[in-house]
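Undergrad: Sequence annotations record features per position, and here Swiss-Prot assigns active site, proton acceptor to 121. Sequence annotations record features per position, and here Swiss-Prot assigns active site, S-methylcysteine intermediate to 379 based on sequence analysis. According to Swiss-Prot, the feature [4Fe-4S] cluster binding site maps to 141, 145, 148. If you look up Swiss-Prot, you'll see 205, 206, 237, 259, 260, 261, 336 marked as S-adenosyl-L-methionine binding site, on the strength of sequence analysis. Annotated disulfide bond per Swiss-Prot: 134-379, in sequence order, evidence recorded as sequence analysis. According to Swiss-Prot, the domain 'Radical SAM core' annotation covers 127-376, on the basis of sequence analysis.
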């Protein structure tokens, strides 16, 4: 397979310091926008109206300049432009798979929340009836799941809510998903039908170890006056941070996905080391108690198919037994290889037999079609260049 790569800016530009640059308002919550307006002296009596105007232009219209905001007074636009921008984070690379999947490597400049440059990957997966954006919630990951490429990258920091939301703004910019605006690269479509219909927190990081920012991000993503994504089309995937599950359900109303991958603790301890802290029985009880779980809002259990490891008929039957009483569907994921891994994907016939056992027991058990494998954009393949970036920064500091 081949893929095309768009280099937005030279990688060497990573060493520039953007900490002193004007702050961007793109990605802020309503409270954040209101605080910015107060900074430039906007009257408190106008705060609600002015915040609503900014919200509409940033999130509904995708404005890239304050000059685009035609119903905002020229005086206010000038004041905003003197202090702030609507700039997006830097796109280091964009890769387009032969199947249409796109992967962006995004660089975040230092900010008030963090003095570190950082990079993450996010992925857009177009399909016939939907378009799914897979977003990252952390730079690197603490969980070291043995089958996951991200797990080989050291944890650097949490992403802010603004940085999470910026991933969607960038995607909508690039593919032309804001009404009336052409794609930034000329390759997308702005025909009027929404291109990003679903958001999945299945990129880099464990969302529940960054829950406050994930909660704020979901509130912006689902706001009906802006990005307007249904909470039923927002899925948060977790390896099983059991104490945080009730809070996730109560504060977001998002759909839940569990990275299960094994039906016995001794194996899951290896595949998902977090299991040593929160074993399968505790995790599944938390799922039974998850706020809002029902046949209409089923919990998705993700199960990566590893050859000779977790793919036997007895594993399938045990999975069915474990999930009894939980409104669930099982997403079977053919393992996606990455450089240095020792795992292999189960054979197609083995996956089909596993799926049949689960399906015949009454559970939906779709086999996920791998997308973006040729650009390392498929499930479990994401890993940013942040480690190299940190090394370059240290070299520059020593010069």
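Quick reminder: no glycine exception, Cβ is built from N, Cα and C everywhere.
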Undergrad: Among the recorded positions 121, 206, 261, report those whose Cα falls within 10 Å of that of residue 141 ([4Fe-4S] cluster binding site); none is a fine answer.
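TA: So the list reads 206.
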Undergrad: Including all protein chains displayed, how many Cβ atoms other than that of residue 237 (S-adenosyl-L-methionine binding site) lie within 10 Å of its Cβ?
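TA: Within a 10 Å radius of the Cβ of residue 237 (S-adenosyl-L-methionine binding site) lie 22 other Cβ atoms.
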Undergrad: Among all the protein chains here, how many other CB atoms are within 10 A of the CB of residue 121 (active site, proton acceptor)?
TA: 26
Undergrad: Can you tell me how far the Cα of residue 145 ([4Fe-4S] cluster binding site) sits from the Cα of residue 336 (S-adenosyl-L-methionine binding site), in Å?
TA: 14
Undergrad: Among all protein chains shown, how many Cβ atoms are found within 10 Å of the Cβ of residue 336 (S-adenosyl-L-methionine binding site), not counting that one?
TA: 23
Undergrad: What Cα-Cα separation, expressed in whole Å, is found between residue 205 (S-adenosyl-L-methionine binding site) and residue 134 (disulfide bond)?
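TA: Cα of residue 205 (S-adenosyl-L-methionine binding site) to Cα of residue 134 (disulfide bond) measures 12 Å after rounding.
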Undergrad: What whole-number distance in angstrom separates the two most remote CA atoms of the S-adenosyl-L-methionine-binding residues 205, 206, 237, 259, 260, 261, 336?
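TA: Spelled out: the longest distance between any two Cα atoms in 205, 206, 237, 259, 260, 261, 336 is 19 Å.
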Undergrad: Return the member of 121, 134, 148 nearest to residue 237 (S-adenosyl-L-methionine binding site) in space, with distance defined Cα to Cα and candidates limited to these recorded positions.
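TA: When the Cα distances are compared, 134 comes out closest.
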Undergrad: Counting only other Cβ atoms and using a 10 Å cut-off, which of the binding-site residues 141, 145, 260 scores lowest?
TA: 145
Undergrad: Taking only C-alpha atoms and a 10 A limit, tell me which of 121, 148, 259 are near residue 134 (disulfide bond). These are the recorded positions.
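TA: 121, listed in sequence order.
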Undergrad: Around the Cβ of residue 259 (S-adenosyl-L-methionine binding site), how many other Cβ atoms lie within 10 Å? Please give the count over every shown protein chain.
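TA: Excluding its own Cβ, residue 259 (S-adenosyl-L-methionine binding site) sees 27 Cβ atoms within 10 Å.
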Undergrad: Checking the contact step here: among the binding-site residues 259, 260, 336, which have a Cα within 10 Å of the Cα of residue 148 ([4Fe-4S] cluster binding site)?
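TA: Final answer, ordered: 336.
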